[in-house]
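Q: Per TrEMBL, the features are:
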ACT_SITE  103  active site, nucleophile
ACT_SITE  105  active site, proton donor
BINDING   103, 386  Mg(2+) binding site
BINDING   105  GMP binding site
(Lines of atoms letter the chains of each structure in order from A; the text may use other names.)
(Lines give C-alpha, C1' and ligand atoms only; values in the text may rest on other atoms or scores of the structure.)
Protein backbone atom coordinates (compact mmCIF):
# COMPACT_ATOMS: atom_id res chain seq x y z
CA UNK A 1 0.00 0.00 0.00
CA UNK A 2 3.05 2.30 0.09
CA UNK A 3 2.67 3.46 -3.51
CA UNK A 4 -1.03 4.06 -3.08
CA UNK A 5 -0.43 6.03 0.10
CA UNK A 6 2.14 8.17 -1.69
CA UNK A 7 -0.30 8.83 -4.49
CA UNK A 8 -2.95 9.79 -1.97
CA UNK A 9 -0.59 12.19 -0.26
CA UNK A 10 0.22 13.90 -3.55
CA UNK A 11 -3.45 14.22 -4.39
CA UNK A 12 -4.21 15.65 -0.97
CA UNK A 13 -1.81 18.47 -1.76
CA UNK A 14 -3.28 18.97 -5.22
CA UNK A 15 -6.93 18.90 -4.35
CA UNK A 16 -9.42 18.55 -1.59
CA UNK A 17 -12.22 17.65 -3.97
CA UNK A 18 -11.70 13.91 -4.24
CA UNK A 19 -14.05 11.55 -2.50
CA UNK A 20 -14.02 7.88 -1.62
CA UNK A 21 -14.79 5.42 -4.40
CA UNK A 22 -16.87 2.30 -4.28
CA UNK A 23 -14.51 -0.66 -4.40
CA UNK A 24 -14.99 -3.18 -7.17
CA UNK A 25 -15.40 -6.76 -5.97
CA UNK A 26 -14.12 -8.70 -9.00
CA UNK A 27 -10.42 -9.61 -8.81
CA UNK A 28 -9.50 -8.08 -12.14
CA UNK A 29 -11.17 -4.66 -11.55
CA UNK A 30 -8.30 -2.29 -12.06
CA UNK A 31 -6.62 -0.30 -9.30
CA UNK A 32 -8.80 -1.77 -6.57
CA UNK A 33 -6.35 -1.04 -3.79
CA UNK A 34 -5.25 2.31 -5.19
CA UNK A 35 -8.70 3.79 -5.47
CA UNK A 36 -9.55 2.71 -1.95
CA UNK A 37 -6.83 5.01 -0.64
CA UNK A 38 -8.63 7.99 -2.16
CA UNK A 39 -11.16 7.60 0.63
CA UNK A 40 -8.56 8.93 3.02
CA UNK A 41 -8.21 12.21 1.19
CA UNK A 42 -9.54 15.40 2.67
CA UNK A 43 -12.98 16.59 1.57
CA UNK A 44 -13.38 19.20 4.26
CA UNK A 45 -14.54 22.31 2.47
CA UNK A 46 -15.54 24.04 5.67
CA UNK A 47 -19.25 23.91 6.32
CA UNK A 48 -20.02 26.69 8.74
CA UNK A 49 -23.00 26.73 11.01
CA UNK A 50 -26.21 27.09 9.05
CA UNK A 51 -24.57 26.43 5.65
CA UNK A 52 -26.96 24.90 3.18
CA UNK A 53 -26.02 21.25 2.57
CA UNK A 54 -26.95 21.24 -1.13
CA UNK A 55 -24.87 24.34 -1.78
CA UNK A 56 -21.95 22.74 0.04
CA UNK A 57 -22.21 19.61 -2.09
CA UNK A 58 -22.37 21.73 -5.23
CA UNK A 59 -19.16 23.50 -4.25
CA UNK A 60 -17.54 20.11 -3.72
CA UNK A 61 -18.71 19.11 -7.19
CA UNK A 62 -17.32 22.27 -8.79
CA UNK A 63 -14.01 21.85 -6.98
CA UNK A 64 -13.84 18.23 -8.10
CA UNK A 65 -14.42 19.18 -11.74
CA UNK A 66 -11.67 21.79 -11.59
CA UNK A 67 -9.30 19.20 -10.17
CA UNK A 68 -10.06 16.31 -12.54
CA UNK A 69 -6.72 16.93 -14.21
CA UNK A 70 -5.03 15.98 -10.94
CA UNK A 71 -6.37 12.44 -11.09
CA UNK A 72 -3.63 11.03 -13.37
CA UNK A 73 -0.96 12.36 -11.02
CA UNK A 74 -2.61 10.64 -8.06
CA UNK A 75 -3.16 7.24 -9.69
CA UNK A 76 -0.08 6.82 -11.88
CA UNK A 77 1.84 4.77 -9.28
CA UNK A 78 -1.11 2.70 -8.11
CA UNK A 79 -0.77 -1.05 -8.55
CA UNK A 80 -2.22 -2.64 -11.69
CA UNK A 81 -3.74 -6.06 -12.15
CA UNK A 82 -1.73 -8.76 -13.91
CA UNK A 83 -3.26 -9.69 -17.30
CA UNK A 84 -1.50 -13.08 -17.09
CA UNK A 85 -2.41 -13.65 -13.46
CA UNK A 86 -4.37 -16.48 -11.86
CA UNK A 87 -7.43 -15.18 -10.02
CA UNK A 88 -8.92 -17.08 -7.15
CA UNK A 89 -12.46 -17.62 -5.87
CA UNK A 90 -11.65 -20.53 -3.53
CA UNK A 91 -8.40 -21.59 -1.91
CA UNK A 92 -6.38 -24.00 -4.04
CA UNK A 93 -3.10 -25.59 -2.94
CA UNK A 94 -1.34 -26.63 -6.12
CA UNK A 95 0.73 -29.09 -4.08
CA UNK A 96 -2.46 -31.02 -3.22
CA UNK A 97 -3.40 -31.48 -6.87
CA UNK A 98 -2.27 -34.80 -8.29
CA UNK A 99 -4.50 -35.03 -11.36
CA UNK A 100 -4.96 -32.41 -14.10
CA UNK A 101 -7.80 -32.72 -16.60
CA UNK A 102 -8.29 -30.62 -19.73
CA UNK A 103 -10.94 -29.80 -22.26
CA UNK A 104 -9.65 -29.42 -25.82
CA UNK A 105 -11.34 -26.54 -27.64
CA UNK A 106 -10.37 -23.10 -26.33
CA UNK A 107 -8.45 -24.72 -23.48
CA UNK A 108 -5.59 -26.74 -24.95
CA UNK A 109 -6.24 -25.32 -28.40
CA UNK A 110 -7.04 -21.76 -29.36
CA UNK A 111 -8.32 -20.40 -32.64
CA UNK A 112 -7.97 -17.34 -34.82
CA UNK A 113 -10.86 -14.98 -35.49
CA UNK A 114 -11.45 -16.77 -38.79
CA UNK A 115 -13.18 -19.59 -36.92
CA UNK A 116 -16.17 -17.51 -35.81
CA UNK A 117 -16.69 -16.33 -39.39
CA UNK A 118 -16.52 -19.93 -40.60
CA UNK A 119 -19.08 -21.18 -38.07
CA UNK A 120 -21.38 -18.26 -38.84
CA UNK A 121 -21.20 -18.81 -42.61
CA UNK A 122 -21.73 -22.58 -42.44
CA UNK A 123 -24.68 -22.21 -40.05
CA UNK A 124 -26.18 -19.43 -42.19
CA UNK A 125 -26.05 -21.66 -45.27
CA UNK A 126 -27.71 -24.49 -43.35
CA UNK A 127 -30.52 -22.13 -42.35
CA UNK A 128 -31.16 -21.24 -45.99
CA UNK A 129 -30.43 -24.54 -47.75
CA UNK A 130 -31.89 -27.00 -45.26
CA UNK A 131 -34.38 -25.03 -43.13
CA UNK A 132 -35.58 -22.94 -46.08
CA UNK A 133 -34.96 -19.48 -44.65
CA UNK A 134 -35.04 -16.68 -47.26
CA UNK A 135 -31.94 -16.47 -49.44
CA UNK A 136 -31.63 -12.83 -48.44
CA UNK A 137 -30.31 -14.10 -45.10
CA UNK A 138 -27.11 -15.02 -46.93
CA UNK A 139 -26.15 -11.35 -47.20
CA UNK A 140 -25.38 -11.12 -43.49
CA UNK A 141 -21.80 -11.48 -42.28
CA UNK A 142 -20.31 -12.20 -38.89
CA UNK A 143 -19.64 -9.01 -36.92
CA UNK A 144 -16.83 -9.58 -34.44
CA UNK A 145 -17.63 -6.27 -32.71
CA UNK A 146 -21.19 -7.21 -31.81
CA UNK A 147 -21.32 -10.16 -29.36
CA UNK A 148 -19.59 -10.86 -26.07
CA UNK A 149 -19.59 -14.02 -24.00
CA UNK A 150 -22.25 -14.50 -21.33
CA UNK A 151 -25.29 -13.06 -23.11
CA UNK A 152 -28.80 -14.47 -22.81
CA UNK A 153 -31.41 -14.91 -25.50
CA UNK A 154 -35.06 -14.49 -24.55
CA UNK A 155 -36.92 -17.16 -26.53
CA UNK A 156 -40.25 -15.49 -25.78
CA UNK A 157 -39.46 -11.87 -26.64
CA UNK A 158 -36.57 -12.31 -29.07
CA UNK A 159 -34.10 -10.07 -27.22
CA UNK A 160 -30.40 -10.58 -26.58
CA UNK A 161 -29.69 -9.53 -22.99
CA UNK A 162 -26.70 -8.74 -20.86
CA UNK A 163 -27.57 -9.33 -17.21
CA UNK A 164 -25.81 -8.25 -14.06
CA UNK A 165 -24.79 -10.36 -11.05
CA UNK A 166 -28.33 -10.17 -9.63
CA UNK A 167 -30.22 -10.95 -12.84
CA UNK A 168 -31.16 -7.41 -13.89
CA UNK A 169 -30.96 -6.26 -17.50
CA UNK A 170 -28.18 -3.80 -18.16
CA UNK A 171 -29.78 -0.53 -19.36
CA UNK A 172 -27.57 -0.47 -22.49
CA UNK A 173 -27.48 -4.25 -22.86
CA UNK A 174 -30.75 -5.23 -24.53
CA UNK A 175 -30.94 -5.75 -28.30
CA UNK A 176 -33.89 -6.74 -30.45
CA UNK A 177 -32.17 -7.88 -33.60
CA UNK A 178 -29.36 -5.39 -34.08
CA UNK A 179 -31.25 -2.47 -32.52
CA UNK A 180 -30.47 -1.46 -28.97
CA UNK A 181 -33.60 -0.91 -26.90
CA UNK A 182 -33.93 2.17 -24.74
CA UNK A 183 -34.53 1.92 -21.00
CA UNK A 184 -38.17 2.91 -21.50
CA UNK A 185 -38.58 0.16 -24.11
CA UNK A 186 -37.02 -2.37 -21.75
CA UNK A 187 -39.44 -1.42 -18.99
CA UNK A 188 -42.38 -1.51 -21.39
CA UNK A 189 -41.38 -4.97 -22.58
CA UNK A 190 -40.38 -6.50 -19.24
CA UNK A 191 -42.15 -4.29 -16.71
CA UNK A 192 -38.91 -3.94 -14.79
CA UNK A 193 -35.23 -4.46 -15.45
CA UNK A 194 -35.11 -7.43 -13.09
CA UNK A 195 -35.66 -10.84 -14.63
CA UNK A 196 -37.96 -12.89 -12.42
CA UNK A 197 -37.86 -16.64 -11.98
CA UNK A 198 -40.67 -17.28 -14.47
CA UNK A 199 -39.06 -15.06 -17.10
CA UNK A 200 -35.68 -16.70 -16.50
CA UNK A 201 -37.07 -20.01 -17.75
CA UNK A 202 -37.33 -18.44 -21.20
CA UNK A 203 -33.68 -17.43 -21.26
CA UNK A 204 -30.88 -19.37 -22.94
CA UNK A 205 -27.32 -18.69 -21.83
CA UNK A 206 -24.62 -18.22 -24.47
CA UNK A 207 -21.58 -18.99 -22.35
CA UNK A 208 -18.72 -20.36 -24.44
CA UNK A 209 -16.60 -18.84 -27.18
CA UNK A 210 -18.44 -20.80 -29.89
CA UNK A 211 -21.56 -18.81 -28.88
CA UNK A 212 -20.16 -15.63 -30.42
CA UNK A 213 -21.22 -16.73 -33.89
CA UNK A 214 -24.52 -18.05 -32.54
CA UNK A 215 -25.43 -14.78 -30.81
CA UNK A 216 -24.59 -12.79 -33.93
CA UNK A 217 -26.61 -15.10 -36.20
CA UNK A 218 -29.62 -14.97 -33.85
CA UNK A 219 -29.57 -11.16 -33.86
CA UNK A 220 -29.15 -10.96 -37.62
CA UNK A 221 -31.98 -13.43 -38.22
CA UNK A 222 -34.34 -11.48 -35.96
CA UNK A 223 -33.31 -8.30 -37.74
CA UNK A 224 -34.08 -9.89 -41.10
CA UNK A 225 -37.66 -10.61 -40.05
CA UNK A 226 -38.03 -7.10 -38.65
CA UNK A 227 -36.69 -5.46 -41.81
CA UNK A 228 -38.90 -7.65 -44.00
CA UNK A 229 -41.91 -6.84 -41.78
CA UNK A 230 -42.63 -10.55 -41.34
CA UNK A 231 -44.22 -12.08 -38.27
CA UNK A 232 -42.09 -14.67 -36.51
CA UNK A 233 -41.85 -16.68 -33.32
CA UNK A 234 -38.70 -15.82 -31.39
CA UNK A 235 -38.41 -19.35 -30.01
CA UNK A 236 -38.33 -20.76 -33.56
CA UNK A 237 -35.46 -18.44 -34.42
CA UNK A 238 -33.43 -19.81 -31.52
CA UNK A 239 -34.30 -23.44 -32.27
CA UNK A 240 -33.38 -23.08 -35.94
CA UNK A 241 -30.17 -21.14 -35.40
CA UNK A 242 -29.08 -23.46 -32.60
CA UNK A 243 -29.88 -26.49 -34.75
CA UNK A 244 -27.78 -25.01 -37.55
CA UNK A 245 -24.86 -24.29 -35.20
CA UNK A 246 -25.08 -27.83 -33.80
CA UNK A 247 -25.18 -29.25 -37.32
CA UNK A 248 -21.94 -27.45 -38.15
CA UNK A 249 -20.26 -29.21 -35.22
CA UNK A 250 -21.93 -32.64 -35.24
CA UNK A 251 -21.72 -33.14 -38.98
CA UNK A 252 -17.97 -32.64 -38.86
CA UNK A 253 -18.12 -29.73 -41.30
CA UNK A 254 -16.23 -27.44 -38.99
CA UNK A 255 -13.71 -30.11 -38.01
CA UNK A 256 -12.82 -31.02 -41.58
CA UNK A 257 -12.49 -27.38 -42.58
CA UNK A 258 -10.16 -26.58 -39.67
CA UNK A 259 -7.96 -29.60 -40.35
CA UNK A 260 -7.78 -28.74 -44.04
CA UNK A 261 -6.31 -25.31 -43.20
CA UNK A 262 -4.87 -25.56 -39.67
CA UNK A 263 -2.54 -22.63 -40.23
CA UNK A 264 -5.57 -20.40 -40.86
CA UNK A 265 -7.60 -21.44 -37.85
CA UNK A 266 -5.30 -22.82 -35.14
CA UNK A 267 -2.84 -20.79 -33.04
CA UNK A 268 0.39 -22.59 -32.22
CA UNK A 269 1.67 -22.11 -28.70
CA UNK A 270 4.73 -23.95 -27.41
CA UNK A 271 4.05 -22.72 -23.87
CA UNK A 272 1.09 -25.08 -23.54
CA UNK A 273 3.42 -27.99 -24.28
CA UNK A 274 5.88 -26.69 -21.68
CA UNK A 275 3.12 -26.61 -19.08
CA UNK A 276 1.95 -30.15 -19.83
CA UNK A 277 5.51 -31.46 -19.89
CA UNK A 278 6.27 -29.75 -16.57
CA UNK A 279 3.28 -31.45 -14.97
CA UNK A 280 4.41 -34.85 -16.27
CA UNK A 281 7.94 -34.31 -14.96
CA UNK A 282 6.54 -33.57 -11.52
CA UNK A 283 4.65 -36.86 -11.49
CA UNK A 284 1.16 -35.47 -12.04
CA UNK A 285 -1.51 -37.51 -13.80
CA UNK A 286 -3.07 -35.91 -16.89
CA UNK A 287 -6.27 -36.67 -18.73
CA UNK A 288 -8.07 -35.19 -21.72
CA UNK A 289 -11.88 -35.03 -21.60
CA UNK A 290 -13.50 -33.46 -24.66
CA UNK A 291 -16.73 -33.55 -26.63
CA UNK A 292 -14.84 -33.38 -29.93
CA UNK A 293 -14.24 -36.54 -31.99
CA UNK A 294 -10.79 -38.09 -31.75
CA UNK A 295 -9.75 -37.52 -35.36
CA UNK A 296 -10.26 -33.79 -34.89
CA UNK A 297 -8.37 -33.65 -31.60
CA UNK A 298 -5.59 -35.80 -33.00
CA UNK A 299 -5.22 -33.64 -36.10
CA UNK A 300 -5.26 -30.45 -34.07
CA UNK A 301 -2.83 -31.61 -31.38
CA UNK A 302 -0.48 -33.07 -34.00
CA UNK A 303 -0.39 -29.71 -35.77
CA UNK A 304 -0.07 -27.64 -32.58
CA UNK A 305 2.80 -29.75 -31.25
CA UNK A 306 4.50 -30.73 -34.52
CA UNK A 307 7.49 -28.54 -33.69
CA UNK A 308 7.96 -30.14 -30.26
CA UNK A 309 10.08 -33.21 -29.58
CA UNK A 310 8.61 -36.23 -27.82
CA UNK A 311 10.43 -39.14 -26.26
CA UNK A 312 7.89 -41.31 -28.05
CA UNK A 313 5.83 -40.84 -31.18
CA UNK A 314 2.63 -39.12 -30.14
CA UNK A 315 1.18 -36.21 -28.17
CA UNK A 316 -1.00 -38.85 -26.47
CA UNK A 317 1.98 -39.83 -24.35
CA UNK A 318 1.42 -36.62 -22.41
CA UNK A 319 -1.87 -38.00 -21.08
CA UNK A 320 -2.70 -40.97 -18.91
CA UNK A 321 -6.27 -41.07 -20.21
CA UNK A 322 -7.76 -39.67 -23.43
CA UNK A 323 -11.58 -39.47 -23.65
CA UNK A 324 -13.29 -38.06 -26.74
CA UNK A 325 -16.95 -37.48 -27.57
CA UNK A 326 -17.67 -37.42 -23.85
CA UNK A 327 -21.05 -35.70 -24.26
CA UNK A 328 -20.53 -33.14 -21.49
CA UNK A 329 -22.45 -32.06 -19.49
CA UNK A 330 -24.38 -35.38 -19.66
CA UNK A 331 -21.08 -37.09 -18.83
CA UNK A 332 -21.26 -35.85 -15.25
CA UNK A 333 -24.65 -37.32 -14.30
CA UNK A 334 -25.28 -40.23 -16.68
CA UNK A 335 -24.47 -43.95 -16.49
CA UNK A 336 -23.12 -44.26 -20.02
CA UNK A 337 -20.39 -46.90 -20.34
CA UNK A 338 -16.96 -46.19 -21.76
CA UNK A 339 -16.13 -47.65 -25.16
CA UNK A 340 -12.64 -48.32 -26.52
CA UNK A 341 -12.15 -46.45 -29.79
CA UNK A 342 -10.09 -48.10 -32.54
CA UNK A 343 -8.13 -45.21 -34.05
CA UNK A 344 -7.21 -47.23 -37.15
CA UNK A 345 -10.63 -48.67 -38.02
CA UNK A 346 -12.75 -45.80 -36.64
CA UNK A 347 -14.91 -48.29 -34.71
CA UNK A 348 -15.96 -48.83 -31.10
CA UNK A 349 -15.16 -52.07 -29.28
CA UNK A 350 -17.88 -54.10 -27.56
CA UNK A 351 -15.83 -55.24 -24.58
CA UNK A 352 -16.46 -53.67 -21.17
CA UNK A 353 -13.98 -51.07 -19.94
CA UNK A 354 -12.85 -51.72 -16.37
CA UNK A 355 -9.45 -50.06 -16.61
CA UNK A 356 -7.75 -47.37 -18.67
CA UNK A 357 -4.79 -48.65 -20.68
CA UNK A 358 -1.89 -46.57 -22.04
CA UNK A 359 -2.19 -45.48 -25.66
CA UNK A 360 -5.89 -46.33 -25.80
CA UNK A 361 -8.59 -43.81 -26.67
CA UNK A 362 -12.02 -43.95 -25.04
CA UNK A 363 -15.40 -42.63 -26.10
CA UNK A 364 -18.51 -41.65 -24.12
CA UNK A 365 -18.48 -42.81 -20.49
CA UNK A 366 -19.58 -41.05 -17.32
CA UNK A 367 -18.08 -39.49 -14.23
CA UNK A 368 -19.24 -42.33 -11.97
CA UNK A 369 -17.33 -44.96 -13.98
CA UNK A 370 -14.36 -42.63 -14.42
CA UNK A 371 -13.91 -42.31 -10.64
CA UNK A 372 -14.44 -46.03 -10.07
CA UNK A 373 -11.77 -46.94 -12.61
CA UNK A 374 -9.16 -44.35 -11.70
CA UNK A 375 -9.73 -44.21 -7.91
CA UNK A 376 -8.86 -40.52 -8.13
CA UNK A 377 -10.40 -38.58 -5.26
CA UNK A 378 -12.28 -35.38 -6.01
CA UNK A 379 -10.14 -32.81 -4.16
CA UNK A 380 -6.92 -34.01 -5.81
CA UNK A 381 -8.37 -33.49 -9.31
CA UNK A 382 -8.56 -30.16 -11.13
CA UNK A 383 -10.31 -29.74 -14.46
CA UNK A 384 -9.66 -26.91 -16.93
CA UNK A 385 -12.33 -25.75 -19.36
CA UNK A 386 -13.74 -22.69 -21.09
CA UNK A 387 -17.49 -23.38 -20.78
CA UNK A 388 -18.65 -22.55 -17.27
CA UNK A 389 -21.79 -24.70 -17.49
CA UNK A 390 -20.89 -27.63 -19.75
CA UNK A 391 -17.28 -27.96 -18.60
CA UNK A 392 -17.14 -26.81 -14.99
CA UNK A 393 -20.56 -27.02 -13.31
CA UNK A 394 -20.52 -30.83 -13.21
CA UNK A 395 -16.95 -31.19 -11.86
CA UNK A 396 -17.63 -28.46 -9.31
CA UNK A 397 -20.63 -30.34 -7.94
CA UNK A 398 -18.63 -33.60 -7.96
CA UNK A 399 -15.96 -32.15 -5.70
CA UNK A 400 -13.25 -31.59 -8.31
CA UNK A 401 -11.35 -28.34 -8.29
CA UNK A 402 -12.15 -26.25 -11.34
CA UNK A 403 -10.25 -23.74 -13.46
CA UNK A 404 -11.83 -21.53 -16.13
CA UNK A 405 -9.74 -20.50 -19.12
CA UNK A 406 -11.13 -17.19 -20.38
CA UNK A 407 -9.20 -15.54 -23.17
CA UNK A 408 -11.08 -12.23 -22.91
CA UNK A 409 -9.75 -11.73 -19.39
CA UNK A 410 -6.32 -10.62 -20.58
CA UNK A 411 -7.65 -7.99 -22.98
CA UNK A 412 -10.11 -6.58 -20.46
CA UNK A 413 -7.49 -6.30 -17.73
CA UNK A 414 -5.22 -4.47 -20.17
CA UNK A 415 -8.04 -1.99 -20.80
CA UNK A 416 -8.74 -1.58 -17.08
CA UNK A 417 -5.05 -0.98 -16.44
CA UNK A 418 -5.00 1.79 -19.04
CA UNK A 419 -4.91 5.46 -18.09
CA UNK A 420 -8.18 6.23 -19.88
CA UNK A 421 -10.16 3.66 -17.93
CA UNK A 422 -8.56 4.48 -14.57
CA UNK A 423 -9.16 8.20 -15.10
CA UNK A 424 -12.88 7.66 -15.80
CA UNK A 425 -13.16 5.18 -12.93
CA UNK A 426 -11.74 7.72 -10.49
CA UNK A 427 -14.13 10.39 -11.78
CA UNK A 428 -17.04 7.97 -11.46
CA UNK A 429 -16.10 7.22 -7.86
CA UNK A 430 -16.19 10.91 -7.05
CA UNK A 431 -19.62 11.31 -8.68
CA UNK A 432 -21.01 8.30 -6.83
CA UNK A 433 -19.87 9.70 -3.50
CA UNK A 434 -21.46 13.06 -4.25
CA UNK A 435 -24.69 11.38 -5.40
CA UNK A 436 -24.77 9.48 -2.13
CA UNK A 437 -24.53 12.74 -0.21
CA UNK A 438 -27.27 14.34 -2.30
CA UNK A 439 -29.63 11.39 -1.83
CA UNK A 440 -29.00 11.48 1.91
CA UNK A 441 -29.94 15.15 2.14
CA UNK A 442 -33.42 16.17 3.19
CA UNK A 443 -34.46 19.41 1.53
CA UNK A 444 -37.45 21.65 2.00
CA UNK A 445 -39.97 22.20 -0.77
CA UNK A 446 -38.54 25.60 -1.71
CA UNK A 447 -35.09 24.03 -2.18
CA UNK A 448 -36.44 21.23 -4.38
CA UNK A 449 -35.51 22.92 -7.66
CA UNK A 450 -31.90 23.45 -6.57
CA UNK A 451 -31.74 19.85 -5.34
CA UNK A 452 -33.10 18.52 -8.65
CA UNK A 453 -30.71 20.64 -10.72
CA UNK A 454 -27.68 19.30 -8.84
CA UNK A 455 -28.96 15.74 -9.05
CA UNK A 456 -29.48 16.07 -12.81
CA UNK A 457 -25.96 17.42 -13.31
CA UNK A 458 -24.39 14.61 -11.29
CA UNK A 459 -26.41 11.96 -13.13
CA UNK A 460 -25.39 13.49 -16.46
CA UNK A 461 -21.73 13.41 -15.42
CA UNK A 462 -22.14 9.79 -14.31
CA UNK A 463 -23.63 8.81 -17.67
CA UNK A 464 -20.71 10.42 -19.46
CA UNK A 465 -18.19 8.51 -17.34
CA UNK A 466 -19.99 5.20 -17.85
CA UNK A 467 -20.24 5.80 -21.59
CA UNK A 468 -16.54 6.63 -21.85
CA UNK A 469 -15.60 3.47 -19.93
CA UNK A 470 -17.98 1.32 -21.95
CA UNK A 471 -16.60 2.57 -25.26
CA UNK A 472 -13.21 1.15 -24.33
CA UNK A 473 -14.68 -2.37 -24.49
CA UNK A 474 -17.21 -3.94 -26.85
CA UNK A 475 -19.17 -1.28 -28.73
CA UNK A 476 -22.50 -3.11 -28.32
CA UNK A 477 -22.46 -4.73 -24.88
CA UNK A 478 -19.46 -3.23 -23.09
CA UNK A 479 -17.23 -5.32 -20.82
CA UNK A 480 -17.64 -9.07 -20.38
CA UNK A 481 -17.18 -9.13 -16.62
CA UNK A 482 -18.74 -5.83 -15.56
CA UNK A 483 -21.89 -3.93 -16.38
CA UNK A 484 -21.98 -0.21 -17.10
CA UNK A 485 -23.30 0.41 -13.59
CA UNK A 486 -20.15 -1.14 -12.10
CA UNK A 487 -21.79 -4.36 -10.96
CA UNK A 488 -20.40 -7.72 -11.94
CA UNK A 489 -22.13 -9.33 -14.90
CA UNK A 490 -24.12 -12.57 -14.85
CA UNK A 491 -21.14 -14.15 -16.60
CA UNK A 492 -18.96 -13.08 -13.66
CA UNK A 493 -21.54 -14.66 -11.35
CA UNK A 494 -21.09 -18.03 -13.09
CA UNK A 495 -17.32 -17.68 -12.80
CA UNK A 496 -17.69 -17.08 -9.08
CA UNK A 497 -20.06 -20.01 -8.73
CA UNK A 498 -18.31 -22.70 -10.77
CA UNK A 499 -14.63 -21.76 -11.12
CA UNK A 500 -12.31 -22.10 -8.14
CA UNK A 501 -9.69 -20.23 -10.14
CA UNK A 502 -9.67 -18.50 -13.52
CA UNK A 503 -7.05 -17.18 -15.89
CA UNK A 504 -6.63 -16.17 -19.53
CA UNK A 505 -4.54 -19.15 -20.69
CA UNK A 506 -2.97 -22.34 -19.39
CA UNK A 507 0.64 -21.24 -19.64
CA UNK A 508 0.06 -18.57 -16.99
CA UNK A 509 0.60 -21.39 -14.49
CA UNK A 510 4.25 -21.55 -15.55
CA UNK A 511 4.80 -18.34 -13.58
CA UNK A 512 3.64 -19.97 -10.34
CA UNK A 513 5.64 -22.41 -8.24
CA UNK A 514 4.12 -25.94 -8.18
CA UNK A 515 3.73 -25.71 -4.41
CA UNK A 516 1.91 -22.36 -4.55
CA UNK A 517 -1.11 -21.79 -2.37
CA UNK A 518 -3.65 -19.80 -4.35
CA UNK A 519 -6.09 -17.91 -2.17
CA UNK A 520 -8.54 -15.04 -2.67
CA UNK A 521 -7.35 -11.57 -1.67
CA UNK A 522 -8.26 -11.07 1.98
CA UNK A 523 -10.09 -7.80 1.27
CA UNK A 524 -12.47 -9.23 -1.36
CA UNK A 525 -16.00 -9.53 0.00
CA UNK A 526 -19.21 -10.45 -1.77
CA UNK A 527 -21.55 -9.02 0.87
CA UNK A 528 -21.33 -5.22 1.03
CA UNK A 529 -21.53 -5.08 4.82
CA UNK A 530 -18.32 -7.13 5.10
CA UNK A 531 -16.11 -4.11 4.62
CA UNK A 532 -12.40 -4.35 5.16
CA UNK A 533 -11.09 -2.41 8.13
CA UNK A 534 -8.38 -0.06 6.79
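Yeah, the Cβs are placed from backbone N, Cα and C, and that goes for glycine too.
Since we're looking at a predicted model, the values are computed, not measured.
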Q: Please report how many Å separate the Cα atom of residue 103 (active site, nucleophile) from that of residue 386 (Mg(2+) binding site), as a whole number.
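A: Between the Cα atoms of residue 103 (active site, nucleophile) and residue 386 (Mg(2+) binding site), the distance comes to 8 Å.
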Q: Taking 10 A as the limit, how many CB atoms besides its own sit near the CB of residue 103 (active site, nucleophile)?
A: 25
Q: What is the number of other Cβ atoms found within 10 Å of the Cβ of the residue listed as 'active site, proton donor'?
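A: There are 23 of them.
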Q: Just to verify a number: CA distance, the residue listed as 'active site, proton donor' to residue 386 (Mg(2+) binding site), in angstrom, no decimals.
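A: Approximately 8 Å lies between the Cα of the residue listed as 'active site, proton donor' and that of residue 386 (Mg(2+) binding site).
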Q: Restricting to the same chain and to sequence separations of six or more, state which residues have a Cβ under 8 Å from that of residue 386 (Mg(2+) binding site).
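A: Listed in sequence order, they are 103, 105, 106, 107, 208, 209, 404, 405, 406, 407.
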